[in-house]
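Trainee: Mind looking over this structure? Questions follow.
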Amino acid sequence: MEKARPLWANSLQFVFACISYAVGLGNVWRFPYLCQMYGGGSFLVPYIIMLFVEGMPLLYLELAVGQRMRQGSIGAWRTISPYLSGVGLASVVASFFLATYYNIINAWAFWYLFHSFQDPLPWSVCPLNHNRTGYDEECEKASSTQYFWYRKTLNISPSIQDSGRVQWEPALCLVLAWLVVYLCILRGTESTGKVVYFTASLPYCVLLIYLVRGLTLHGATNGLAYMFTPKLEQLANPKAWINAATQIFFSLGLGFGSLIAFASYNQPSNNCQKHAIIVSLINSSTSIFASIVTFSIYGFKATFNYESCLDKVILLLTNSFDLEDGFLTPSNLEQVKSYLASAFPSKYSEVLPQIKNCSLQSELATAVQGTGLSFIVYTEAIKNMEVSQLWSVLYFLMLLMLGIGSMLGNTAAILTPLTDSKVISRHLPKEAISGLVCLVNCVIGLVFTMEAGNYWFDIFNDYAATLSLLLIVLVETIAVCYVYGLRRFESDLKAMTGRTLNWYWKVIWAGVSPLLIISLFVFYLTDYILTGTLKYQAWDASQGQLVTKDYPPYALAVIGLLVASSTMCIPLVALGTFIMRCFKRKGDTPPVA
């Protein structure tokens, strides 16, 4: 007798699971960067438009497909058409790649969390050199936060060719991260449904605490003014619109199969339209909320650096020209500099190379995203706060909750098709399947703990799930609207939920979304072609900064394989199905008498 499909205990569990999956690290470390790059408040205009014409409709489509077909991604698309099994397989491959590299971020968060209990914080000061006669040279040329990240955490090699050895401390943190994920998914929806309450709600509590603290920091208003001052000329920049569409697309986690997997455990009568609207609005609101927190921290950091720079210039001029202590102030600095330059030209010209150009605007305009924002910029700000250990613990606990919440969705996208398979589930219990998936991912993930691991992390992050996801979602929309049939799908939804499909969803699904995805696909392809030889940022210890280098041929080959391995699933499985059917027809043809 076939087992009944597991269900969420209630619809709230499902909503929390979707929020925990969708609201991830991208909301905290990419959206604020895009606001900074594309006009502050004016970036919200294309972002909100893209939410309603792309994000929300495609989220609804995936939830509706999962709830209607009541299977993981492979089974759901096979039900629509046997030729579309490759769409589900492509989603599983993309999710596998994502899970492999995404959990290393949780490992780094664990590493920083464990070090957050030290006083002083280990990234707040540079260590002494081997002779104990001064500070470490690499740290002095960079900064204490950069040194802790690149040298102590990653122990990064000078190039991707220098693989180095596995770093045992990050490797242990990675094993811990996968153990936590395994315990969360051990009993399927039963255990995940309880964990998501915590992973979905705790980040908001921390963000709220950080907002209150951030707004009270000196210089926070400078950051908020920078964010909310719109640069309307950016609305004419096509890249602002493309990045808004891309951010919505990837932030909601479309195309990975996670949303289809989650929705497959719903009651058929569940109002998935309402839940799609709720999840997408909460996801976008979180991005904006996180940006307010981030820019208040940005403002504090920028103001602190700006005032430190001014203090150094004042000290330099005071000592060089024997000025009275307290005579030079930030308010009269420019005036006194002009006077000294005219009164003592030769002496001033000697000092001039040492005088830094201090600018608050340039400090605020320094745009950083990804790991650089979380593990360098934020830690730079945290070390200058009072009770810095507390703020550090809260921050990295929040990163962990965001990361683990997203990992629950990533692993669900892999496990649901596997547990749905009668061949696999007949021989292995669910706990064993989950354990094997976690083990395989963990072993492969050890690559990211090597000295060149961060370079491979960037490759996976940039290329494992970009073009492939766009292609997957494009085929999904075409499959529902033109293969399965929009009218048929509409009648299925009405039979399930008792609600008629609004014209808005039909217009977006059938026309607007496919055209938009094709535009994004063309943009990415054009961008890759025009870029020429792909490059990466390598850490130069002698300069204490990042330098640009070309990827070696074998790294380019890996990039090609990452892109092709998921995208080629769609045509290859369709071709294989066609050939199998042709052979079957020949076998079924009766012999001619």
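Backbone N, Cα and C atoms are what each Cβ position is placed from, and that goes for glycine too.
TrEMBL labels come from automatic prediction, so no person has curated them.
Quick paste from TrEMBL:
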TRANSMEM  12-31  transmembrane segment
BINDING   Ala22, Val23, Asn27, Ser251, Asn283, Leu402, Ser406  Na(+) binding site
TRANSMEM  43-65  transmembrane segment
TRANSMEM  86-114  transmembrane segment
TRANSMEM  168-186  transmembrane segment
TRANSMEM  195-220  transmembrane segment
TRANSMEM  240-265  transmembrane segment
TRANSMEM  277-298  transmembrane segment
TRANSMEM  393-415  transmembrane segment
TRANSMEM  436-457  transmembrane segment
TRANSMEM  463-486  transmembrane segment
TRANSMEM  507-526  transmembrane segment
TRANSMEM  554-579  transmembrane segment
Trainee: Counting CB pairs under 8 Å, which listed stretch among 393-415, 436-457, 463-486, 507-526 touches the transmembrane segment (554-579) the most?
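Mentor: Against the transmembrane segment (554-579), the leading stretch is 463-486.
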Trainee: What stretch, picked from 12-31, 86-114, 240-265, 393-415, 507-526, has the most CB pairs under 8 A with the transmembrane segment (277-298)?
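Mentor: When the Cβ pairs under 8 Å are tallied, 12-31 comes out ahead.
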Trainee: Using Cβ atoms only, which residues of the same chain lie under 8 Å from Asn27 (Na(+) binding site) while being at least 6 residues apart in sequence?
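Mentor: Expected: Ser251, Asn283, Thr286, Ser287, Ala290, Leu402.
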Trainee: Below 8 Å between Cβ atoms, which of the listed ranges 12-31, 43-65, 436-457, 507-526 makes the most pairs with the transmembrane segment (463-486)?
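Mentor: Per the Cβ under 8 Å count, 507-526.
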Trainee: Using a Cβ distance cut-off of under 8 Å, indicate which of 12-31, 195-220, 240-265, 393-415 has the most pairs with the transmembrane segment (86-114).
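Mentor: Most Cβ pairs under 8 Å with the transmembrane segment (86-114) come from 393-415.
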Trainee: Taking residues 6+ outside the transmembrane segment (507-526), which of them lie with a CB under 8 Å of any CB in it?
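Mentor: Here the qualifying positions are 53-54, 57-58, 61, 242, 245-246, 249, 466-467, 470-471, 473-474, 477-478, 480-481, 486.
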Trainee: Examine the transmembrane segment (43-65) against the transmembrane segment (393-415) and state whether at least 3 Cβ pairs sit under 8 A, considering only residue pairs 6 or more apart.
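Mentor: Not in contact, no.
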Trainee: Is the count of Cβ pairs under 8 Å between the transmembrane segment (436-457) and the transmembrane segment (168-186), pairs 6 or more apart in sequence, 3 or more?
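Mentor: Contact confirmed: at least 3 Cβ pairs fall under 8 Å.
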Trainee: Which residues of the same chain, at least 6 positions away in sequence, have a Cβ lying under 8 Å from the Cβ of Ser406 (Na(+) binding site)?
Mentor: Ser20, Tyr21, Gly24, Leu25, Tyr102, Gly253
Trainee: Given a Cβ distance threshold of under 8 angstroms, which distant residues of the chain, six or more beyond its ends, lie next to the transmembrane segment (168-186)?
Mentor: 103-104, 106-108, 110-111, 114, 153-154, 192, 195, 403-404, 407-408, 411-412, 415, 431, 434-435, 438-439, 441-442, 445-446, 448-449, 453
Trainee: Starting from the Cβ centroid of Ala22, Val23, Asn27, Ser251, Asn283, Leu402, Ser406, which together make up the recorded Na(+) site, report each further residue of the same chain whose Cβ lies within 8 Å of that point, ordered by sequence.
Mentor: Ile19, Tyr21, Gly24, Leu25, Gly26, Leu252, Gly253, Thr286, Ser287, Gly405
Trainee: Near the Cβ of Ser251 (Na(+) binding site), how many other Cβ atoms are there if near means within 10 Å?
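Mentor: Looking across every protein chain shown, the total is 23.
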Trainee: Which residues, given as numbers and ranges, are at least 6 beyond the ends of the transmembrane segment (195-220) yet have a Cβ under 8 Å from it?
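Mentor: For the transmembrane segment (195-220), the sequence-distant neighbours (Cβ-Cβ under 8 Å, at least 6 residues beyond its ends) are 13, 16-17, 19-20, 23, 184, 286, 289-290, 292-293, 296-297, 299-304, 385, 391, 394-395, 397-398, 401-402, 404-405, 408.
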Trainee: What's the number of neighbouring CB atoms sitting within 10 A of the CB on Leu402 (Na(+) binding site)?
Mentor: 29
Trainee: Neighbour count, 10 Å Cβ-Cβ cut-off, for Ala22 (Na(+) binding site): what number do you get?
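Mentor: Total other Cβ atoms inside 10 Å, all chains included: 27.
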